[in-house]
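According to Swiss-Prot, the protein has these features:
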- 1-37: transit peptide (TRANSIT)
- 93-123: FAD binding site (BINDING)
- 255-291: NAD(+) binding site (BINDING)
């Protein structure tokens with residue numbers, strides 16, 4: 001039996017004939033399988049191709065959308081509304097003094113349909129002061145960081161009157177300000193302007209502490225013409241150092257930059273100057289390459305006191321590697337045409353005098369009150385601080401009716417920075433919007449409060465808060481610190497960033513902080529025009545370097 005099975009197993013099997021229907025089904029099955037295998041083999045490249053098409057179309061769509069939005073913004077910039085409603089005599093008049101951070105923040109926030117708004121400023125533009133150190137060395141053009149004040153005013157809902165003039169006096173009893181403008185012929189034109197509400201945001205002057213010679217021989221860094229003066233002085237010293245064969249000591253003096261002041265402005269300029277020297281001047285003036293020097297002088301024991309100790313140490317080490325000499329505990333006493341005289345405090349407490357030669361002296365000191373601020377101080381006993389105007393929790397000027405103040409002309413618990421002035425301006429803009437709503441709502445249960453012409457802003461605020469005690473229509477100003485930024489050279493920056501949900505500060509330094517610094521400053525620039533120009537300036541410097549023409 002086993003033998004027969006093995007024989008059968010080895011013999012070929014007889015073929016079993018299949019029906020035509022079975023043969024057709026078999027052929028169809030093989031054809032379907034071959035089609036399926038072919039589609040599987042081709043599915044991978046086709047899928048990849050379709051994904052790339054989707055990505056390409058999405059990218060093109062986003063780019064086209066960005067171009068359209070950019071074009072719309074540019075068109076809006078170039079074509080303000082030619083039919084702004086004119087001032088309404090029935091509305092109250094709000095006068096804003098200045099065109100700085102605080103004033104422009106008010107103008108951004110306020111609803112001009114609620115008031116007849118008048119702006120008075122000696123300059124007809126807003127200056128982005130945070131980038132002034134960059135303009136002094138040519139990293140950014142001066143016109144890239146200014147915005148005409150009329151651009152802001154022409155894009156408001158109602159007409160805003162602007163006077164390019166200086167406010168010389170305030171008559172608080174008559175509610176009148178006196179303004180003066182000097183014509184090109186040297187003639188002084190004067191005018192009076194009546195107000196219902198007045199906002200003093202006229203800023204401050206550079207504090208010199210009565211140091212002899214600082215105003216005559218030093219360069220400040222507060223206005224656009226200061227940056228232009230510094231740049232002209234840099235190039236003048238360079239060419240003068242090469243005019244003829246000079247003693248080595250004299251040549252080194254011409255190319256020695258001294259910066260007095262260890263705050264953010266002084267540190268940023270020192271960093272920008274070091275970049276200018278390393279990236280450009282050493283290439284175009286190779287014979288002076290070994291003579292360039294930058295020294296930073298600070299009277300306090302350390303620089304950048306508003307930053308953390310970790311970031312101060314980082315800046316110190318970076319400046320050391322950049323050959324920027326930081327001299328702390330060194331107070332400026334006198335300035336002459338060629339030297340500065342300083343008093344150095346030694347570790348043992350003793351003091352010694354020292355003379356430092358210089359070619360360019362940049363003074364980055366503090367602020368002092370303008371003449372108008374001093375007059376307002378003298379006009380009320382409640383103005384008892386000589387450093388600036390004293391205000392209450394609503395930024396109302398103490399001792400005066402319907403006068404508010406903000407920014408560098410005031411003395412508060414906050415540092416005199418652009419960040420503080422911007423938040424104060426936004427707060428006052430919202431406060432005036434609420435006051436305007438109280439004054440002009442129809443009908444309103446609050447209207448009987450507002451109709452009293454003799455009621456000043458303090459009375460209105462108090463009555464409104466009493467009537468709505470649960471919600472408090474008017475809240476006191478509260479500053480929210482967002483952090484501190486400073487550029488320290490070599491495409492590096494430092495940043496102390498406040499993170500509310502994190503509960504503490506984040507400290508950043510280096511290249512990452514540098515790009516964060518740039519992104520923040522770009523976002524803070526007033527308009528798309530400013531952002532475009534500054535971005536193009538940065539690209540220009542990266543590609544071609546800084547210009548060294550004496551223009």
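Using N, Cα and C of the backbone, Cβ positions are placed for all residues, glycine too.
The model shown is predicted, which means the values in this text are computed figures rather than measured ones.
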Rounded Cα distance, in Å, between residue 113 (FAD binding site) and residue 280 (NAD(+) binding site) is 51
Sparsest Cβ environment (other Cβ within 10 Å) among binding-site residues 275, 280, 290 belongs to 290
By Cα geometry, the one of the binding-site residues (93, 97, 101, 117) nearest residue 290 (NAD(+) binding site) is 101
Quick note, residue 97 (FAD binding site): same-chain residues at least 6 apart with CB under 8 Å of its CB -> 103, 120, 121, 167, 177, 198, 199, 200, 201, 202, 372
Closest by Cα to residue 105 (FAD binding site), out of the binding-site residues 255, 265, 270, is 265
Residue 117 (FAD binding site) falls, by DSSP collapsed to helix, strand or coil, into strand
Among the binding-site residues listed as 93, 101, 109, 117, the Cα nearest the Cα of residue 255 (NAD(+) binding site) belongs to 101
Same-chain residues at least 6 apart in sequence with Cβ under 8 Å of the Cβ of residue 270 (NAD(+) binding site), in sequence order, are 257, 259, 294, 296, 319, 324, 489
Between the C-alpha atoms of residue 280 (NAD(+) binding site) and residue 101 (FAD binding site), the distance in angstrom, to the nearest integer, is 33
Within the same chain, the residues at least 6 apart in sequence whose Cβ is under 8 angstroms from that of residue 117 (FAD binding site) are 93, 94, 95, 96, 107, 110, 156, 158, 160, 161
In three-state DSSP terms, residue 260 (NAD(+) binding site) is classed as strand
Students should find that the Cα atoms of residue 275 (NAD(+) binding site) and residue 101 (FAD binding site) sit apart, in Å rounded to an integer, by 28
Here the Cα-Cα span from residue 265 (NAD(+) binding site) to residue 101 (FAD binding site), rounded to a whole number of angstrom, reaches 16
